[in-house]
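Enquirer: Would you mind keeping the following structure in view while I ask a few things?
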Amino acid sequence: MDAATECAEKPHYRPGRPIVMIGPMAVGKSVIGSELARALGIEFVDTDQRIVAKHGAIPRIFSARGEHHFRQLEARAVAQVLDAEQPKTVVLSVGGGAVLDSGTQQLLAKTTVVFLRATLETVRERILRTSGRPLLAADPVETWSRLAAARGPVYARLADITIDVSNSSVPELVTQLISMLAEESRKENPEQ
Ligand SMILES: Nc1ncnc2c1ncn2[C@@H]1O[C@H](COP(=O)(O)OP(=O)(O)O)[C@@H](O)[C@H]1O
Ligand SMILES: O=C(O)C1=C[C@@H](OP(=O)(O)O)[C@@H](O)[C@H](O)C1
Ligand SMILES: [Mg+2]
């Protein structure tokens with residue numbers, strides 16, 4: 001691909017705020033967030049990865065200390081990234097339940113929030129074959145559906161951008177997201 005074609009497909013876009021990936025479990029927040037950061041040439045942080053690096057596996061945290069303790073670690077991990085005086089230009093992927101914390105919700109107001117939506121069919125194989133999500137240990141399909149439905153209004157309310165990730169590859173979604181982020185930024189700063 002020559003430089004002109006690449007430029008046409010990937011609009012020049014430099015984020016002015018942190019970009020935060022939210023949505024139900026297994027929709028691709030971690031993998032798409034990481035690839036988006038790479039494409040934009042900016043830092044990537046995943047709160048679950050930070051918690052695991054510092055405190056060990058998530059199922060173990062849930063069983064040893066309880067979900068409430070995990071939520072405290074999660075809220076703290078979000079705040080460490082977003083509460084900085086000058087939040088860095090970063091893509092931040094959070095766990096599916098992180099947005100239920102009111103402090104986190106306030107911090108998200110100063111970011112560009114991307115809500116990743118997917119059908120149950122898209123995530124079905126992923127949640128059946130993977131372990132590591134303690135909330136899905138029993139009856140993963142039913143539990144995923146119930147949590148996605150219950151949290152859906154919160155994701156929708158917080159979102160600046162909503163993207164359906166059901167039928168596209170990760171590279172396709174990254175390209176689509178960069179266009180959507182550039183468009184959102186033009187809406188916020190029409191003079192640019
Ligand atoms: N668009 C996609 N196409 C194919 N596989 C995907 C896609 N998005 C995510 N995945 C895969 O689904 C699984 C869950 O993705 P992950 O990023 O961990 O989700 P989340 O962080 O939202 O829980 C991973 O194995 C990932 O590679
Ligand atoms: O939805 C949730 O409550 C959770 C989602 C998980 O992250 P992913 O959404 O990245 O799977 C992880 O934080 C933990 O297992 C709890
Ligand atoms: Mg994740």
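Yeah, the Cβs are placed from backbone N, Cα and C, and that goes for glycine too.
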Enquirer: Ala26, Val27, Gly28, Lys29, Ser30, Val31 show up in TrEMBL as binding ATP; which entry in Arg71, Arg76, Arg133, Arg146 does that record put in the same site?
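Expert: Record source TrEMBL; matching candidate: Arg133.
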Enquirer: Do you see any of the binding-site residues Asp48, Arg71, Gly96, Arg151 whose C-alpha is within 10 Å of Ala26 (ATP binding site), and which ones?
Expert: Gly96
Enquirer: At its widest, how many Å does the recorded substrate site span between Cα atoms of Asp48, Arg71, Gly96, Arg151?
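Expert: That value is 18 Å for the farthest Cα pair.
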Enquirer: Which of the binding-site residues Gly28, Lys29, Ser30, Val31, Asp48, Gly96 have a Cβ less than 6 Å from any atom of ligand 3?
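Expert: Lys29, Ser30, Asp48, in sequence order.
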Enquirer: Same chain only, sequence gap of 6 or more: which residues have a CB within under 8 Å of the CB of Lys29 (ATP binding site)?
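Expert: Listed in sequence order: Met21, Ile22, Gly23, Ser93, Val94, Gly95, Gly96, Leu116.
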